[in-house]
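Features as listed in TrEMBL:
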type	residues	note
TRANSMEM	A:12-29	transmembrane segment
TRANSMEM	A:49-68	transmembrane segment
TRANSMEM	A:75-94	transmembrane segment
TRANSMEM	A:106-128	transmembrane segment
TRANSMEM	A:135-154	transmembrane segment
TRANSMEM	A:166-191	transmembrane segment
TRANSMEM	A:198-217	transmembrane segment
TRANSMEM	A:223-243	transmembrane segment
TRANSMEM	A:255-275	transmembrane segment
TRANSMEM	A:281-299	transmembrane segment
Ligand SMILES: Nc1ncnc2c1ncn2[C@@H]1O[C@H](COP(=O)(O)OP(=O)(O)OP(=O)(O)O)[C@@H](O)[C@H]1O
Ligand SMILES: Nc1ncnc2c1ncn2[C@@H]1O[C@H](COP(=O)(O)OP(=O)(O)OP(=O)(O)O)[C@@H](O)[C@H]1O
Ligand SMILES: [Mg+2]
Ligand SMILES: [Mg+2]
């Protein structure tokens, strides 16, 4: 019965990957206590996967309404840039000792960054829900222009942040675990609670599966669609903060580049259909972990860089095939 | 009439088909002779559609043999079945809404000219075929442009267009009205004369007796028996379908009611009909291209029937009243409502206590991959608002109650609605709106695809609600049904209301004349 | 007299280096009173070709561009030649069958940069007491010219030295985030055995420095770090003692480009290859050099 | 008269007409703003520079019309250039054989993706995304550097200028236009084309109506792969090189072109000719920016986004207006 659970397949794929790591990478699961926190490959993976998990979380809801948001990477760049610019500050040399100050109080800066992300979401949401543009073109606009805006703000330069407390978000530790993990957990928890305690999940699915019927049943379809895009951008905004905090700078040119593709991949690997409807938050989280584990495995195995992509694609094919019931049937028929 | 010494063209025996949690067919079977119309009957969920899908390669059975002209067949796709000479109209309209009407009829076997598709010829031919059914529409327009009934006719035309040995029609008449049905029967009789074996599914006893030579009754996935139509009384037939000989009287009543059109007038909300209080009044409600300005008012506790021919604008009126389409003229006043403007969207209408059960359950009703429970509580939840989730317990209770009351045949309330039989889906959607306890309920073809007995029960239930003070706007293509239950009736013709009749004045000839637009 | 019109097709804005390059060209044009038609190709060669075609249609006086890749320029440059518009390359060269298709190339030599990095390491190895130095390499974007050339130049120099061994190489896409991510994985996989990091650009090195610090090691001491470009961030890192050396790859080609353009327009002959002055900056000179850095 | 206008506005191809109208408006605006913009050669350059994109967009149109998506096209293009270059240089194959081989390979690649999508019920997005990684990865296996093509036929194709109305176009542009003609014919007058529309309208219904859905879907992706490979060949004519980093992000351009051309991403609605207007619009936006020549890299992006926005909104509003008027 348990084996029938839809999460089993992505989980199995993740475990298979981890098994490869266990066999081929000595000390992969080795964890040690260092500088007051856990240190090891597994920690790296979850820490690195955190932004992707956030992005995938938002993407899941968008996809559930039969939409898609390809502006995630641009929003990541924008929010990271806003935060870094407001906090950043220039390094002041004081008798050869560098002193760092935040330009704007960090809280304000974070709020401004999230505000920028929410605006992006509202923009996308408006185009899709009110104007009725196709989601892919609607978000394409921001995908192109958003990164341009971020570069405009920074003049194309990488904005380095010197203000220590900001680093906590992306590379700090709490009770020995990466702080980003707690952020993700909190958001996931909040969303699952929202799904459980309110009818949001039901409504989103209804809109995704049959928008006409949903409207006739009295759902505010436009408002729901607007909401999911705002939420997706908010998640992307948080991911952007995490990424820029982690590298202590904001790189408007490259931050979050192609993150949308990874996020969509994570959602689909987690078993959510791009045709909308039924979705699985946990599945998307596992999907994100699969992707990050795979990337990390490639680095750790010493795969030559020119082979990276082939390996990645072959694994994605295998994971997908292993999830296909049709494939299993053929397998069985062969065996019989 | 098929002669028994002729070998059957098609013979199915011992068919088993199981879905997760449901045994849809167990030891089902069927014999079809060339040149007969064979009706397949059974309650909702008896397995009729499943049998047809097994036969046409949509599903693969676990067990069983299928012989076509004595040779075993096992089609693995509808394409294969078609190539074997089996042409099918499925219960849910299976056409492509984006393609033109003509293409929907001809796709897969286009007329050609110099190797390329001959569009002109195709459209001419399509128009001709539809004209046979008295449908006069622009065949170049996309199918989605037309109402469900027209779509059903297109599907039928498509099936007729094939040179088939076996023609299967799964509830083709569920949204057709009397005149269309007669036209269809004329065509079927002609085909029967050409030696084609026709398998026909319906829930209407009248139609069964009007056309069939032979009847196979199914019950709970089994073949209950095969009978010559002439040798089986209506009562006996209903009995065999229900499978409860003890319930003799009930069966008799059902058969009676279904047969006698306007006969024993059910004791609908007569008392309430006199109530002066209006629940809703629409003035000069109209929409370009759909409905000419129309007045309509509904009183509390009244059951108002709406009848007319295909495309007379009934569905459009209902949609405008509900705010599903935007009216471009007129106004709506309702109790407890400040504004007199038409409803801007369904939400407004629902807020004013209106419910609307659409005729097109596949596209406008069912949310296919959600469960029966979720489908059932959706409108209620929408009304309650997103934040006030109905507790799961309460949802289950509600769902279980309605499943019981309406006799919905489902493995559990968590089954996706898409895997229910057509009639059972319809019941769930009805329940969706009943659960919101509206002041006014608009029912557009609510009994579409529902079996005789359930129809009876639903109509009783609806009447009871009326007596409790709910008003109902009832649209049905079955004139007898409307006549039987309505307190008042409005006849529509050419996209506007053209006559109103009180209960006393109702009789079918007057109404038929009104509908057809001839002086009585 | 009408001002000189130059059509300039830039690769994109993928890195700080590139932005500084763009800024230099724009500033120089303004100073020289040149009308600059600027087009950004967003890292795609076909966009550059399109831009060059539109420059031809606009009949600019001179076309300049930093090619995304070396090959594939024959056709469009022939069109430029047919329209009698001279072409100056900046930053990278092109492979064309007919060398007269462009007048001059102003720019750095990526292979040479790799060699410089290699030479510095060889010198360092001589002084180092360790028997072998394990090197990890952070490559640029797979297939990109700087990545290929910087790798080749570096390899060429260290090949003969038995003390130097590249134990891991992986792409970091020229970005901080990827540089950090890959370095994290290297540190876990190799443990403390890494002695040297060679990064194809400063951004990746800066990302890697963070990873090294987070692993509890001292960048610049426990692991020697060599990188290329010489952007401001690299100098800051060197001042802080976290980076050992950066090989300069100057983006400030603007003034030289304007000079060359003016000369070409005036009909003067200019050299086919104009080399940009570039240095190697070890950590020791960083503090002194820092105030001079423009980007 | 009014009724005629209304009938016109409610025609199914109205959105496509709006697109064409807006394209003309954009060209006119460019002509007014920048001298030399409205020359014939600029328009021809649009075709020459975007021939490969048009070819990809044609394949993509079929995929999108069937309700699918193909993200692998850009990479398949790159792979095609790479294989061509390598076969010509290292294996010394005759150029015609190289082209035939590459086309077959592209079709097979697409067909394999289609088979995975249909027979294993995998999502097109993931399959083709993995296909995108795979094809690009295979390029690097051949070589990470770009390989120059010196084959005389390729060079000739690259440098031939076909005189036309006082300007010139390239053989590649001509091939793309011919292909467009064939594709319009296929979409409109062949059973395959109509099956594509049917599948996009409702795949399940198409299956129930007895169409060979599986075969058609495999063919659609094969066609898309073939178009991508052909685009690769045109690209090698254009660039005379094979390179693993060629045409990055082209899949998105192609999708955008198709969608802007009036085709619904959800499938079933749209016209092949829309691919041309979509491609021309993207090209015109780029040309406008190149002619302006004052935009920095980021303003370029912002302006592209802004023009896309204005374009999509106007297109949308005009369509809505037309619907309300009918
Ligand atoms: N795809 C499916 N998955 C699961 N169960 C199914 C599926 N299709 C049908 N069933 C079940 O099989 C049984 C028979 O359904 P079927 O559609 O054949 O009934 P029917 O006789 O056609 O009823 P109706 O008169 O309502 O159309 C029902 O209980 C239904 O729930
Ligand atoms: N027989 C027909 N001839 C021409 N057009 C028709 C016919 N039947 C329906 N239509 C078209 O279908 C559209 C929808 O009609 P509508 O659904 O409002 O009517 P209805 O009375 O509810 O009919 P139905 O019984 O089909 O539900 C009409 O606008 C009309 O264009
Ligand atoms: Mg049925
Ligand atoms: Mg109707």
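Including glycine, each Cβ sits where the backbone N, Cα and C put it.
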Checklist entry - Which listed stretch (A:12-29, A:106-128, A:166-191, A:198-217, A:223-243) has the most C-beta pairs under 8 A with the transmembrane segment (A:281-299)? => result A:12-29
Checklist entry - What stretch of A:12-29, A:106-128, A:135-154, A:223-243 shows the most Cβ pairs under 8 Å to the transmembrane segment (A:49-68)? => result A:223-243
Item to check | Chain residues outside the transmembrane segment (A:166-191) and at least six past its termini with a C-beta under 8 angstroms from it | outcome: 33, 36-38, 43, 46-47, 50-51, 53-54, 57, 61, 83, 87, 102, 106, 235, 238, 241-248, 281, 285
Checklist outcome for this item: Contact set of the transmembrane segment (A:198-217) with the rest of its chain, CB cutoff 8 A exclusive, min separation 6+ beyond the ends, reads 61, 63-66, 224-225, 228, 276-279
Checklist outcome for this item: If you count CB pairs under 8 A between the transmembrane segment (A:223-243) and each of A:12-29, A:106-128, A:255-275, the winner is A:106-128
Checklist outcome for this item: In the same chain, residues at least 6 away from the ends of the transmembrane segment (A:12-29) whose Cβ sits under 8 Å of its Cβ atoms read 40-42, 269, 286, 289-290, 293-294, 297, 300-301, 315, 319, 322-323
